[in-house]
Amino acid sequence: MPVQTAVVVLAAGAGTRMRSKTPKVLHTLGGRTMLAHSLYAAAEVDPTHLVTVVGHDKERVGVAVSALEAELGRPIAIAVQDEQNGTGHAVECGLSALPADFRGTVLVTAADVPLLDGRTLHALVDEHHSEPTPSAVTVLTFTAPEPRGYGRIVRLPHDGEIAEIVEEADATEEQAAITEVNAGVYAFDAEFLRSALGQLNANNAQGELYLTDVVKIAREAGAPVFAAHLADSAKVAGANDRVQLSRLAAELNRRTVENWMRAGVTVVDPSTTWIDVGVTLARDVTIHPGVQLLGTTAVGEDAVIGPDTTLTDVTVGEGASVVRTHGSESTIGAGATVGPFSYLRPGTVLGASGKLGAFVETKNADIGAHTKVPHLTYVGDATIGEYSNIGASSVFVNYDGVAKSRTVVGSHVRTGSDTMFVAPVQVGDGAYTGAGTVLRFDVPPGALAVSGGKQRNIDGWVQRNRPGTAAAEAAAAAGLHHSSDLHETEKQDLKDGIEQ
C-alpha cells in the first residue's frame, strides 16, 4: 500500500525585513506570489493532505490560500499560529490540521523559497523511503560557501551521519565554520514527529521551539536520520528582503527563459526578456529584446514578439507579429500584425490577418478577420466585421458622460480619415464614409455617409489680415491679389468667426 504524504507549508512569519504592508509570502516573482510557488511545488507531490500555516496578517494570507485552492483544484487546509513561537510550534500547528490518525510521511517546507520545485520534493520523499528501515527524519541540505544565517549540519565523526542541526545563534566557533547547512525542508515519519514535537523546549538563544531539534531527538532515540544533499542551492534560497527577492526573480527568469530556448523558442536577448512561469510558448516563436510576457500569455508557432512589447494574459495566434505594443487580456489572431505603439486593453479580439497599426488603442472591441485599423485611432466598445478598413484618426465615441454604448460596423466597410462613430450607431456591410464624417445615425449597407457644410474659400484673407507675413508674401508670389469686393456677409463671417 503506498505511503500517504502530507505537506505542511510554513507561511506564518512577519517578514519585517521586507519593510512592507504586504505579507512577505505574498510578494511576487515570475508572475506568482512566493506562497503560490510553494503550493504549486507541494501540489506536484500529489499529497493526501496539503496544509498552510498562517500567522502574521492571517486573514489576508488566508484569502490568498483560498484562491490558490481553487486555482490548483485541490483542498488546502489552513492552520493558524497565533503566537510566533518558532518553527517547531508552527509545525505543531500544522499537524493539528491533519486527521488525528494520519500515518505516513509529513513534508515540511517554507513559503519563502520560491525556486523549490516539485521534482526536488519528490527526490526528498524518495530518499526518505530509500532504506529498508524507514527514516524518522530526512533533512534537505546544501553546501554554502558563505553559510551565515543558516543552521549548520553537525555530523558524527565516526560514520558521518547527522548528529544534529545547530542554529547559527547557538553555534560554537567550530560549528559556525561548517559549510553544509540546513535548507529548511524536511520529510518526517508522522508518528515520530508527533512524539518529538512534544519533547521540544525553548532553551536556546532565541527562546523558541526549534524544529531542527527534532533531529537530535531522533539521534538520541536511535531513530534513523537521513540527509538528501542538494547540489543546486538556488532552489532553496530564501527571500527575506527586497534585494534577495530581486535576485531570486532574476534567477527564476533566467531559468524560465533558458528552458523555453531549449524547447525551441528564439530569444534574441535573454537579459532583457522577462517571461512569467504561467506563460506558454510554441516552437519557433521569436522574441526580440525588451519583451515582457506576463500572466497566462500564450503565443502560437512562428509568431514574432517585440521589440519593446509587454503582453499580460494575451493569446497570440500562429504567425502573428506584435511590435512595440502594450496589451492585456486580449486575443490576437493568426497572421495578424499589431504595432508599433499599439495599446490593446482588456476585451480586444483581433481576427486572423487583421491589423492594428501605429498609435491605435482598442478596448472591448471585436475586430474581424482581415480588417485593418492602420493608425491613430481609438476603437472602444465596438464590433467590426471582416475585410473592413478604418481610416486614420477615427474615433469610436463610446461614452456620453453617463453610460457607454456600442458601435457595430459591418464587413467590407471603408471609412474616411477622421470619422467619428457616435455610439450607439451601426454601419452596414459595404458602406463608405467621407473624410471628417460625424456619424450620429445608422448607415445602410452600401451607402456613402458624409456630413458637414459646403466648403467656402475667402479669397485674399491673408493679405488683408496678415500683411507683411511670410504667408502673405508667399501668396503674393503665387499670384493672389487683394480682393476689395467681399460680400457683406463674408465680411461679417470674418468679424464673427474666422478672425477669432
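Any Cβ shown, glycine's included, is placed from N, Cα and C.
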### Query
Can you tell which of Ala431, Ala435 Swiss-Prot lists as binding acetyl-CoA with Ala392, Asn398, Tyr399, Ser417?
Ala435
### Query
Near Gly86 (UDP-N-acetyl-alpha-D-glucosamine binding site), which residues of its own chain have a C-beta under 8 A away, given they sit six or more steps off in sequence?
Ala202, Gln206, Glu208, Leu209, Tyr210, Leu211
### Task
Provide, as an integer number of angstrom, the distance between the C-alpha atoms of Ala435 (acetyl-CoA binding site) and Arg345 (UDP-N-acetyl-alpha-D-glucosamine binding site).
27
#### Entry: Among Leu10, Gly151, Arg345, which are recorded as binding-site residues, the nearest neighbour of Asp112 (Mg(2+) binding site) by Cα
Leu10
### Summary
Outside the region 'Linker' (243-263), at least 6 residues beyond either end, the same-chain residues with a Cβ under 8 Å of its Cβ set are 18, 27, 29-30, 114-115, 234, 237, 270, 273-277, 281, 283
### Among Lys24, Arg345, His375, the most crowded of the recorded positions [Cβ within 10 Å]
Lys24
## Note on the structure
Widest Cα pair spacing in Å over the listed acetyl-CoA contacts Ala392, Asn398, Tyr399, Ser417, Ala435 is 22
## Note on the structure
Among the binding-site residues Tyr378, Tyr399, the one whose Cβ has the most other Cβ atoms within 10 Å is Tyr378
